[in-house]
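If you check TrEMBL, you get these features:
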{"type": "COILED", "residues": "165-245", "note": "coiled coil"}
{"type": "DOMAIN", "residues": "18-62", "note": "domain 'RING-type'"}
{"type": "REGION", "residues": "245-276", "note": "region 'Disordered'"}
Amino acid sequence: MGHPTSLFLTTPDPNLRCAICLDIFSHPVSLLSCSHTFCSDCLATCVNATTKKNPPCCPECRVLIEDDPHKVRVIESTIQNLVVRCKNAYLDEDCNSEDYCPQECGWTGPLSEWSLHAARECAVEIVQCVCGYNCPRGQMGGHVGSKECVERAVDKRVAPVQKELEAAKQREEGYKSTIEKLVSERDDLQSRVQDELDQNRMLTEQNTWLRHTKDSAKKASLNKIQRLKREKKELMSQLAVMEGRVKNNGVDRSGNGSGKKRRRSASKDGRIRAVSNGHELEVHAIVG
Ligand SMILES: [Zn+2]
Ligand SMILES: [Zn+2]
Ligand SMILES: [Zn+2]
Ligand SMILES: [Zn+2]
């Protein structure tokens, strides 16, 4: 963008005006094909906006741009020598700064010194102290090192530290609650695991008891079966003896009995009862 015409003490030659921004050339460049001149930035913006379908051409005469534009040093030096006002020559009526009231600067000089004047000399140029306070350069001498300046500087240094401290405190609170949550989760898990272990132990004990009970019941049954088998065998042999006797009943009655009395009895229905080892055995005897 060019320099606004209001900057110059007298209205510059209209030939120094850029056809794109309508201000006075800033870093003027010229096209080889048509010699038309524009601000360097203005032309670059136009060229950058072109596409393959619409190749770059001069914004003024539409001639195709085939070569890089070249700097026009004569025009540049003419413009740099034009007399300009300070950028603070006019009051900013809309200014609502809290730190200062705008003031006018009466400086005039060549455009080449315009930036340097504002950057280093202009007494009404607003500058910033290291403490962050803004005021015209001419008033800065009374401010730098003042109580207000020192307090502001301290605040400026302390504020970020305080902010960081508060953030750290908040992070700490966050960590604390996370840790509390994790501890409670751990306790919960521990108690669940303990419950499961207790249950497993109880089941194991029950299983052991059941196995023992089963084993002793089996052993008792086997013992009983063995005993019954023995008794059966004994009774069978007694039965055989009795059957023999019953067959020889007639012989016994003829009076040749040995006199040894046996505990036996024959009931009316012809059954014979024999008692052995406390067990009563009933047999059907075939009485001839
Ligand atoms: Zn321009
Ligand atoms: Zn042209
Ligand atoms: Zn000034
Ligand atoms: Zn200060």
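Glycine is no exception: its Cβ is also placed from the backbone N, Cα and C atoms.
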### Query
Using DSSP, what's the helix, strand and coil tally for the domain 'RING-type' (18-62)?
9 helix, 8 strand, 28 coil
### Task
Averaged across the domain 'RING-type' (18-62), what pLDDT does the model get? Just tell me the whole number, please.
92
